[in-house]
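Student: Feature list, courtesy of TrEMBL:
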type	residues	note
TRANSMEM	21-37	transmembrane segment
COMPBIAS	115-125	compositional bias 'Basic and acidic residues'
COMPBIAS	129-140	compositional bias 'Low complexity'
BINDING	Lys153, Gly154, Gly155, Thr156, Arg157, Arg234, Ser242, Lys335, Gly336, Arg337, Thr338, His339	3'-phosphoadenylyl sulfate binding site
ACT_SITE	Lys153	active site, for sulfotransferase activity
DISULFID	Cys318-Cys330	disulfide bond
Amino acid sequence: MEYSLICHNLYAFSYSPVKKKLLLLCIMFLLWVYMLYSCVGYCTTMPSLVVDTYRGKETESAGKRTASGRAELMSKLLPRPQSWVDLESDYDEPSVRTASRDLLNNEIEVDRADDWDEIRGEQRSPEPSAMSSFSNGSGSKKLPQAIIIGVKKGGTRALLEFLRVHPDIRAVGAEPHFFDRNYDNGLDWYRDLMPKTLEGQITMEKTPSYFVTKEAPARIYAMSRDTKLIVVVRDPVTRAVSDYTQTLSKKPDIPTFESLTFKNRTTGLIDTSWSAVQIGIYAKHLDNWLQFFPMRQILFRIITDKHFYFNQTKGFPCLKKAEGSSKPHCLGKTKGRTHPNIHPEVLQRLRDFYRPFNMKFYQMTGHNFGWD
């Protein structure tokens, strides 16, 4: 009975003209809603498909560029072997005068203060490539595969800033001084100072005093005999003046450059116990490194005026715009100090002193740096 009533109602509804039109309108409305829903869903998926396809191509292209850039970078970090003649050193370790040693100890504190000035001066947002790579906290801390070991006042900070532009370089901003001052803290302490790196990226640090530290070569070799070493060299005479200028900026009451340079001003005997003079005897220090590392693992670089321009607003030199960088980068306020006037005779005496050591250094490295 109940089933017959339902059938009757449906039959009556289907033959009612008004109700029949309402039914058709409802069906058409439902079809329209379904089509609209389908179109909206299709449109929302289309952009993501296009973006994903583009990202895939971009990732593939970036991978090729990264691989090419890494190969080029490593070729520069790994110079070709250079022939050199092992000569007996004609340098005897000088006796240390009390006044010069006191000044040397003071210069250690000056270096530390200058390190922090550089770090304060270089605070800035990370490069976009570095930000994108490490925004999710990925990567791990590793011991450095390459170290800028010297020399002081040779342009090590400028070189580090150039290298940090490359997306495959991750470097510590401050100088760790692990292999000279903090070695007792252990390798775990040293590793913890390093930035996180991804697979294929190079971890670096720079501490210029390593080059003149007798224990540094053996300690770095003990960490890894494959470590690549970078030395930034400079005319030892102008390097000594720059070294003195840095100390003078922190301690205005120190003796004059001339009085520190000579043991005896009348005879012109150079005081090699003064660190500003001693650092420039590159052949002596390099010989210490070659006891542990072959020449093919040591790369020598020169930073010159062509890498900088004088920023009138800031009042000191800034790095020229590097490839891949949106703007030039200015070094810290401690850079670009004006050198004091030194008597030409003093500078000439220094050049005469350094000449035989320079010649030996040219022979050891297989490169004439033209300092004479």
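Each position is counted from 1, following the chain as shown.
Quick reminder: no glycine exception, Cβ is built from N, Cα and C everywhere.
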Student: Round to the nearest Å and give the CA-to-CA distance linking Arg157 (3'-phosphoadenylyl sulfate binding site) with Cys318 (disulfide bond).
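Tutor: Cα-Cα, rounded: 12 Å.
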Student: Where among the binding-site residues Lys153, Arg157 do you find the Cβ with the fewest other Cβ atoms within 10 Å?
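Tutor: Ranked by other Cβ atoms within 10 Å, the binding-site residues Lys153, Arg157 bottom out at Lys153.
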Student: Most Cβ neighbours within 10 Å: which of the binding-site residues Gly155, Ser242 is it?
Tutor: Gly155
Student: Quick one: Cα separation, Cys318 (disulfide bond) versus Ser242 (3'-phosphoadenylyl sulfate binding site), in Å?
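Tutor: So the alpha carbons of Cys318 (disulfide bond) and Ser242 (3'-phosphoadenylyl sulfate binding site) sit roughly 17 Å from each other.
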Student: I'd like the number of other C-beta atoms within 10 A of the C-beta of Cys318 (disulfide bond), please.
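Tutor: That number is 18.
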